[in-house]
Amino acid sequence: MANVPNVMLNTDAVMPAIGLGTSVGNEPHEWPQCKPWIHSALQAGYRHLDTAYGYNTEQYVGEVVRESGIPRDELWITTKLPPHHMTRVAASLEESLNRSGFDYFDLYLMHWPITRRYDPKLVSPFLPQKDWNLLERPTFSEVWAEMEKLVETGKVKNIGVSNFSVKNLEILLKTAKIVPAVNQVELHPVLAQNDLLAYCKEKGIILTAYSPTGYAEVRENPEVKKIAKKHGVSSPPVTLAWHVQRGTSAVPKSANAERQKENLNLPKLDEEDMKILNSLDQGKRLCDYPGDDGTILGWTLEQLGW
């Protein structure tokens, strides 16, 4: 069994610092394809699975967990409220529970601070749209108040946000009764998000990285490869170790069983390694950037606080 480090949330819950991202393509035939590699991840020692309503993989995460025989209370399952369900928080959670077959989620995140009109026919909310069907209300602060009520039901153990900037966290915290336990964002050495990390640490919010290994841009970086060679590992475990040693968690996605195992074999980086990795920051997004209309899901970079 892999020795996966943990992080403690502001609720005193203990979350595995390395989880498996389960996002797949936007086409229905692609969604069940995640099952074999979720199985292999659990066999490798992963105990944290990160899904979302918008990924359309909640059903398959639930099926794999039941097929694995691993007790539910030994796993950490995260899912997310999609932008087009912001007007129906409790109903959306019930749909996610029904899809997955779980009684509760360990962590429930607001996927984006963006509110869109509810459309039951919208299968993949992240595909480009001619009309994003944006709504001014409820605001993300009002949606957060609805999420806070879910904690009392026991159907979610912890709540948090995703893709929130310092700007939008400051707005949220003005009215929040519960401080988000987690903020999941794009984060890797070329997008180190130092100001956001400092702010979240000050407020007791754990940053979780998606796209945490930075794709080929980081993986093939000569400095990263040099550190990897020094420690006898490949590049991704170096980057994941950088996350953990900064006090953040990460949810890498890998469909390859051997790479999944590698991603749990984290080296102990020394001060010089960390200095080199920290120097790679360019404030460069590799995953989420504006589409042809100049927005991300209908919001400008200014609105997102990016």
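Every residue gets a Cβ built from N, Cα and C, even glycine.
The following features are taken from TrEMBL:
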- TYR55: active site, proton donor (ACT_SITE)
- HIS111: substrate binding site (BINDING)
- 18-281: domain 'NADP-dependent oxidoreductase' (DOMAIN)
- LYS80: site 'Lowers pKa of active site Tyr' (SITE)
Candidate with the highest Cβ count within 10 Å, taken from the recorded positions LYS80, HIS111: LYS80
The residue listed as 'substrate binding site' versus the residue listed as 'active site, proton donor' - Cα distance in angstrom: 11
Inter-residue Cα distance where the pair is HIS111 (substrate binding site) and LYS80 (site 'Lowers pKa of active site Tyr'), in Å: 5
All-chain count of other Cβ atoms within 10 Å of the residue listed as 'active site, proton donor': 25
